[in-house]
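Presented below is the structure to which this report refers.
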Amino acid sequence: MGRKQKSKQGIPPTLEENHNSSHKVTENAKKRKHSKEKPQNSRKRQLAEEKKSLFENSDSENEKDLIDADEFEEAETLSDLEHDEEPQTFADEFIDDEAKECEGEEEDSVFDSDEEHEVKPMFSDDSGDEEDLELANMEAMSRKLDEEAELEEKEAEEELHTNIHPEAPTVLPPIDGFTDSQPISTLPQDLSQIQLRIQEIVRVLNDFKNLCEPGRNRSEYVDQLLNDICAYYGYSRFLAEKLFELFSVSEAVEFFEANEMPRPVTIRTNTLKTQRRELAQALINRGVNLEPIGKWSKVGLQVFESQVPIGATPEYLAGHYILQAASSFLPVMALAPQPNERILDMSSAPGGKVTYVAALQKNTGIIFANDSNKARTKALSANIHRLGVRNAIVCNYDGRKFPNEVIGGFDRVLLDAPCSGTGVIYKDQSVKTNKSERDFDTLSHLQRQLLLSAIDSVNADSKTGGFIVYSTCSITVDEDEAVIQYALKKRPNVKLVSTGLEFGREGFTRFREKRFHPSLKLTRRYYPHVHNIDGFFVAKLKKISDKIPTVNVADDMKDGTNNDVEIEKNSTEIDNITFNDEADKEIIEQNRRKWLKSKGYKVAKKKD
């Protein structure tokens, strides 16, 4: 009989009670066996379960285990009674064995947690080990990074010491003009190799003392660089040299590279019909990606991409905007027209600038929109009507006939003179090869005549005006500073004033062997590689009198004081201003002879 049965008295339990007790013991034994055989997934999971059982359910589990132990003993007693009364079946033997096994397990499972397992603190030893491991890894990584930084610094220092006397790159052809197999001139032109050679030559010229090849001079490198520029970008040697002289070596290459890329597409809001915010919203709704052109303009928008033709939208046809280069805003902004003024635009086609002037005047005053090319006046008239300009008169005269044969007395005159187009080469690639020295001389002469006519057409006594703005889309000195210098000599009754433009480089006051008036620093130059707009030149002059002083202009220019000259009493009115045709013919003849000599023709000596 069982241990408890020996100490008890009374009627033994019924068969049903014995069966229920045995069934409970069997289920408990199976649960314990299943929990014992269940594999542990990981150490972390085991630790978590132990913590949970320790801190949350330790008391309840101990009580449960004790209750199960009592039940097991009671079941064992019943089993002993059954053994005395009737023989055991196979199932009973199995239950008995299971109960005995569970009894041993039960005795082991009831333990004092203080004896066999120490209560772990909130941060256990294992988590501390993990933290120590993480700290060790962080320290190792930090040491590794420090070592790498130290190594990089050491390599940089070694490279710096090496670059003090770097090896000179071989970019020039041999002195004898031959390679190992064939002459340089017969070698195929690989554009990628030419580009690399351009970069190497620029690097050498920027540090010529340390990188030049022995026995080579700077002119050889410059000559090779110009040859490569002509081959790579497609310029004539004459134009490449003319543009190369304007910049440093590095900047010159940047300029040539910028001429291969188009400028951003820009539009100007017509404030006579709409506002920029409203126009931008309307175009965005049509799938146009745009943004304001910059803080310097209140009407310009730059278009990045468009799902519709930007020159055929309903807004365009309604005259809410006009496609206009950002550089064309600048002369009008410098002119700063005021309402109710009489203004002359001497070369106004296709109408971007004249319509901007009308918008600033709010359709007040009067504008003479002149252009010497009759065919271009058609586009001019079309834009004037489309944009709703009502204060403009379109005329077709040679600008040199103002004011004597046409009309004068304007408050302001805008002269966007015809030019070589060296600032907009990306628009017309033919400029690279079809411009000669004779073309520049002819254009420069025409520009000087037009500027003198513009000065003479302005009323110096205007209460609000008396200004002339001269601009070109060229960056050559012959068409820009040289023309202004000529006008200052011929018309001492004008002076240069600030353009009022917020950005742009100052004009040249000296260029190579040429020296210009100090006030030319008030002019502004714009370059595609610097400002991301067309190459442009803008100058603003103020007419201080309608009379031309009879002073020695040549001596006055040496002193640099012709702009502030006092108008003397013995002045002549400009009622019948005429050009010196003899002097013009002489200049033209000199240019013709010079051009013939450059082509290799023998020119007879000039007769006295």
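Cβ atoms are placed via backbone N, Cα and C, with glycine included.
According to Swiss-Prot, the feature region 'Disordered' maps to 1-130, 145-169. Positions annotated as compositional bias 'Basic and acidic residues' by Swiss-Prot: 16-29. What Swiss-Prot lists as compositional bias 'Basic residues' is 30-45. Marked as compositional bias 'Acidic residues' by Swiss-Prot: 68-116, 147-158. Sequence annotations record features per position, and here Swiss-Prot assigns S-adenosyl-L-methionine binding site to Ser347, Ser348, Ala349, Pro350, Gly351, Gly352, Lys353, Asp371, Asp398, Asp416 based on sequence analysis. Taken from Swiss-Prot, the feature active site, nucleophile applies to Cys473, supported by sequence analysis.
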Sorted by position, what residues of the same chain at least six away from Ser347 (S-adenosyl-L-methionine binding site) have a C-beta under 8 A from it? Asn370, Asp371, Ser372, Gly399, Leu415, Asp416, Ala417, Pro418, Leu450
What's the CA-CA gap between Lys353 (S-adenosyl-L-methionine binding site) and the residue listed as 'active site, nucleophile' in angstrom, rounded? 14
Sort the residues of the compositional bias 'Acidic residues' (147-158) into helix, strand and coil with DSSP and give the three counts. 12 helix, 0 strand, 0 coil
Reported as an integer number of Å, what is the Cα distance between Asp398 (S-adenosyl-L-methionine binding site) and Cys473 (active site, nucleophile)? 20
Would you count the other C-beta atoms found within 10 angstroms of the C-beta of Asp398 (S-adenosyl-L-methionine binding site) for me? 14
Here the Cα-Cα span from Gly351 (S-adenosyl-L-methionine binding site) to Cys473 (active site, nucleophile), rounded to a whole number of angstrom, reaches 16
Between Ala349 (S-adenosyl-L-methionine binding site) and the residue listed as 'active site, nucleophile', how far is it from one CA atom to the other, in Å? 14
Would you mind listing, in sequence order, the residues at least six apart from Cys473 (active site, nucleophile) in the same chain with a Cβ closer than 8 Å to its Cβ? Ser327, Asp416, Cys419, Gly421, Gly423, Val424, Asp534, Gly535, Phe536
